[in-house]
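Q: I have a structure I would like to understand better, so I am pasting it below and will then ask my questions one at a time.
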Amino acid sequence: MSERPIPPELIDRLRRAHRVAVLTGAGISAESGVPTFREAQTGLWARYNPEELATPDAFQRNPKLVWEWYTWRQQRVRQAEPNAGHRALVEMEQRIAEFTLITQNVDGLHRRAGSHQILELHGNLFRAKCFSEDRPVESWPDSEEIPPRCPRCGGLLRPDVVWFGEMLPAATLRAAEHAAATAELFFSIGTSALVYPAADLPFAALNAGATVVEINPQPTPLSPHVTFSLNGAAGQILPALIAAAWEPTT
Ligand code: BJW
């Protein structure tokens, strides 16, 4: 639970809001057992070097290593279940007229929880695309080769995620920027707010006059700028926020 109660003014603004945008990061899936990236000890980047695994150069140098690392991550995510934080956002979507869920996560847990309006900024772990053609590939023939090959051109397949130095999917980013710039209420949940251009979205919302709320047990570079900072785990704070806004108290 949050150290402090949820501010009544925030509960009131949520209840009255028509347009809400939410940006999530790895922290929302932490309580499902999916590792974050940058947390000391437990984050993926504490154990693995992103330059060897999450850049196009890394894939060109060692495609087998990269493919196998993502296969391992897929297996971890398959064993995980959506948590109370994911489920609270499903409920928020049902209550808000115009709701957009923007996620940096590639784990698909928001969709498995039941959210519909999802913009996946950094792709999805369970999709593949052709490295040469940069086009999605739905299926490919069984083979011993790792990574498998594109059935169209014979190029190597890669995970359909966004690596450092790569452009985000343009239409998805545009939709996210629009949602941020038109939201009355913007939530930044479980993200270190370090990776761009996602980290610009809360500022776009602030510049457009939105109320910006951060939910995170740790401070981030965004923290000094937000309207409300809820210091704690998303899986505890989000259900409490939904209950405070919409559940009858008697
Ligand atoms: C909890 C919790 C609980 C724990 N409840 N919270 C402008 C300025 C500076 C740099 C750049 C810039 N523009 C572009 C860049 C370069 C780069 C970048 O941002 N680098 C910075 C790191 C400095 N950006 C890019 O390269 C992007 N592309 C781009 O900009 O293209 C245009 C361009 C191209 C070429 C040249 C120039 C421009 C692409 C970024 C792609 C990021 N990809 C990854 C990997 C995805 C695939 C995979 O999963 O392997 O995306 S990196 C990784 O970071 C992943 C995440 O989506 C992303 C964000 O991480 P996130 O979600 O914030 O996780 P953490 O671990 O950092 O934080 C977790 C948080 O949760 C913590 O705060 C905890 O406290 C909290 N938490 N438990 C709530 N229970």
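In case you wondered, yes, glycine gets a Cβ from its N, Cα and C as well.
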Q: Taking TrEMBL at its word that GLN104, ASN105, VAL106, ASP107, GLY190, THR191, SER192, ASN216, PRO217, GLN218 bind NAD(+), choose the one of ALA84, ALA170, ALA171, ALA234 listed for that site.
A: ALA234
Q: Which whole-number value in Å describes the distance between the Cα atoms of GLN104 (NAD(+) binding site) and HIS122 (active site, proton acceptor)?
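A: Distance (Cα to Cα, whole Å): 5 Å.
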Q: Around GLY190 (NAD(+) binding site), which residues of its chain at least 6 apart sit with Cβ under 8 Å of its Cβ?
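A: Listed in sequence order: THR24, GLY25, ALA26, GLY27, ILE28, SER29, ALA30, THR36, GLY85, ILE215, ASN216, ALA234.
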Q: If you measure C-alpha to C-alpha, which of TYR70, HIS122, CYS130, CYS150 (recorded positions) come within 10 angstroms of VAL106 (NAD(+) binding site)?
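A: Cα filter at 10 Å returns HIS122.
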Q: Please work out which residue of GLN104, SER192 has the most C-beta neighbours within 10 angstroms of its C-beta, and give that one of the binding-site residues.
A: GLN104
Q: Within its own chain, what residues at least 6 apart in sequence put their Cβ under 8 Å from the Cβ of CYS130 (Zn(2+) binding site), listed in sequence order?
A: VAL137, CYS150, ARG152, CYS153, GLY155, LEU156, LEU157, ARG158
Q: I'd like to verify something. Among the recorded positions GLN104, VAL106, HIS122, CYS150, GLY190, ALA234, which ones have a C-beta closer than 6 angstroms to some atom of ligand 1?
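A: Only GLN104, VAL106, HIS122, GLY190, ALA234 qualify.
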